[in-house]
């Protein structure tokens, strides 16, 4: 309200919503009572009843679905909030872990386990991260539905489960490594969204490409060879398996599977960018993308994040747009 909104206004972002559908009682009744996406047969019937072209009716339903979406200003403010949080928590984590012995030697995560002290800095780091991911879990049901809704739901469940479970079992040392690693790319994604909403397309594409590189390096490189290595093999060697060991590693492997799925989406988007000369579209964009507003040929003029898409990150989120989003 006091920071993001003035920034958006100074960048020329208007508080105006999408094009509103032409008032029509018959179509409104169909939209609210029957279906928001009529099939071909129903479209033909409505065309005869209203003496409208089928394409005009399809456009009306697209406009009607889109008119309840948040404005670009609202999405900019939300992305700026997420960018601020991800950037702040990442640097807090790096600063804290830089002096932690287990950051440089992961075997330190398991020495004298579970009798390891919980410092105040560790406590606040965990509580802040847990609170944020709970907020993502709740907001996912009120935000615009995305194509990766189920993947993000599983991601949030796994993340909240890991944070809570590792805290209860005093696995906070390795937990901080997981949290910091996941925060390394998220603020770049939100920066790309901010650039897109402000219509700085080249900056948006650059941030997205940088996000893709950092995401793939951290999630497909560092995560399995650094994190999973210590939780699967070093912990087995130093403290041996125990009942909760299987659950803990099962959740970590679930995250790795999600990383692979999101990395595929990022690589596919990057490939399209190389073919077309620019990033064409976020592969996990809203179900109602702006490319549906007009002819299909307008796709080539869109950036990585359509300005009609929801600004929230579920890549952890994360991921490709939120990834992906997020989160």
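The chain as shown is numbered from 1 upward.
Backbone N, Cα and C define each Cβ position, glycine as well.
Caution: TrEMBL annotation is automatic and unverified by curators.
TrEMBL lists 27-71 with the feature domain 'Homeobox'. For the domain 'Homeobox' (27-71), the predicted model reports an average pLDDT of 80.
The DNA-binding region feature in TrEMBL is assigned to 29-72.
TrEMBL lists 74-275 with the feature domain 'TLC'.
Residues or ranges marked as transmembrane segment by TrEMBL: 83-103 (among others).
The transmembrane segment feature in TrEMBL is assigned to 123-142 (among others).
Taken from TrEMBL, the feature transmembrane segment covers 207-226 (among others).
Sequence annotations record features per position, and here TrEMBL assigns transmembrane segment to 246-267 (among others).
Feature annotation from TrEMBL assigns region 'Disordered' to 285-327.
Annotated compositional bias 'Polar residues' per TrEMBL: 301-315, in sequence order.
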Notebook entry, point to check: Between the transmembrane segment (83-103) and the transmembrane segment (123-142), do 3 or more CB pairs sit under 8 angstroms, pairs being 6 or more residues apart?
Noted result: yes
Item checked: Number of helical, extended and coil residues in the DNA-binding region (29-72), per DSSP -> 30 helix, 0 strand, 14 coil
